[in-house]
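Novice: The following block contains the structure, expressed as structure tokens.
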Amino acid sequence: MAKLYYEKDCNLEVLKGKKVAIIGYGSQGHAHALNLKNSGVDVVVGLYEGSKSWERAEAEGLKVAVASDAAAEADVVVILVNDEKQVQVYEESIKPNLTAGKYLMFAHGFNIHYGQIVPSEDVNVFMVAPKGPGHTVRSQYQEGKGVPCLVSVYQDATGNTMDVALAYAAGIGGARAGVLKTTFKEETETDLFGEQAVLCGGVTELMKVGFEVLVEAGYEPESAYFECVHEMKLIIDMVVEGGLGNMRQSISDTAEYGDYSVGKRIITDETKKEMKKVLHEVQDGTFARNWILENKANRPAFTARRRMEQSHQVEVVGKELRDMMSWSKQSKK
């Protein structure tokens, strides 16, 4: 059973007297910086010259500096730019200023696990990975709650890296909900597999193909969208709230019977075999190599596929329906 830590296991005082540099001010960077600041931690945000986020961060009461300067003055350097941009930012702005005994933190293990970033052995390396988007990390903190986090130590040069990691997790509110001990390998491989086979790749194809089957059979696209896409959130919310059993208890008996009798016909043994292949490609680095090469080639296949998916009928119909819904209009205000 994996070890769980809560606020009682974390000492926020460990970060007092240390300066934390948050490199990047996107979804996670924004949340981490503000939560740490509100927790009494000395924070500086590191950005590139001319960043659109510079004024925003300053307006929210944060000190901002060029990334290299932020890394130079900090004891803990937190790299929260996108995975594909991390190597360049690390090499140009962080590595020259990462002296012995400093701490380097990641929120995802990709570049460490796949050897794209290799810190010196005299640097502490750890991960705190909130299991939720940045806006949720921030809103939950403001409500006195928190988003669960994963924590791992990759290098412990000074012998107290886990203490610093747990203090950081507490500082962003994660220890209120629970901090699960893991490894860089486990976090990276399970995260990538979950995204590809279930949460993103699996679910989007399931919704899209379900929509296509109904439309090709002559049903109205709007009805197909509601049944195969829109209602997904309603089902997932029930699962998140109380598990699969809670969802099945909440739906009709007819729906539950259909779940049991048809589910295995859709997700077959062949599907499971393919999912195992996907996992193997994550484990042996095939996916990572392909993604790294795609980025080095300026993303031709990725960009083409993104454009194609955006023009799919399910997206066109979905936008039209959302524009008609009062709750959707309200959420955009």
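Keep in mind that glycine also has a Cβ here, set from the backbone N, Cα and C atoms.
Straight from Swiss-Prot, here's the annotation block:
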type	residues	note
ACT_SITE	His108	active site
BINDING	Tyr25, Gly26, Ser27, Gln28, Ser51, Ser53, Asp83, Glu84, Lys85, Gln86, Gly134	NADP(+) binding site
BINDING	Asp191, Glu227, Glu231	Mg(2+) 2 binding site
BINDING	Asp191, Glu195	Mg(2+) 1 binding site
BINDING	Ser252	substrate binding site
DOMAIN	2-182	domain 'KARI N-terminal Rossmann'
DOMAIN	183-328	domain 'KARI C-terminal knotted'
Novice: Rounded to a whole angstrom, what is the C-alpha distance between Ser27 (NADP(+) binding site) and Glu195 (Mg(2+) 1 binding site)?
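Specialist: Given the Cα positions, Ser27 (NADP(+) binding site) is 18 Å from Glu195 (Mg(2+) 1 binding site).
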Novice: Restricting to the same chain and to sequence separations of six or more, state which residues have a Cβ under 8 Å from that of His108 (active site).
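Specialist: When sequence neighbours closer than 6 are ignored, His108 (active site) has Asp83, Met127, Ala129, Glu187, Thr188, Asp191 within Cβ distance under 8 Å.
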Novice: Give the number of CB atoms, excluding that of Ser51 (NADP(+) binding site) itself, located within 10 Å of its CB.
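Specialist: For Ser51 (NADP(+) binding site), the 10 Å Cβ neighbour count is 17.
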Novice: Would you mind reading off the Cα separation of Ser252 (substrate binding site) from Lys85 (NADP(+) binding site), to the nearest angstrom?
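Specialist: About 47 Å separate the Cα atoms of these two residues.
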Novice: Tell me which of the binding-site residues Glu195, Glu227, Glu231 ends up closest to Tyr25 (NADP(+) binding site) in space, Cα to Cα.
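Specialist: Nearest in space to Tyr25 (NADP(+) binding site), counting only the binding-site residues, is Glu195.
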Novice: Once the DSSP letters are reduced so that anything not helix or strand counts as coil, what is Tyr25 (NADP(+) binding site)?
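Specialist: The residue in question, Tyr25 (NADP(+) binding site), is coil (DSSP, three-state).
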Novice: On a C-alpha basis, identify the one among Glu195, Glu227, Glu231 that is nearest to Gly134 (NADP(+) binding site); the candidates are the binding-site residues.
Specialist: Glu195
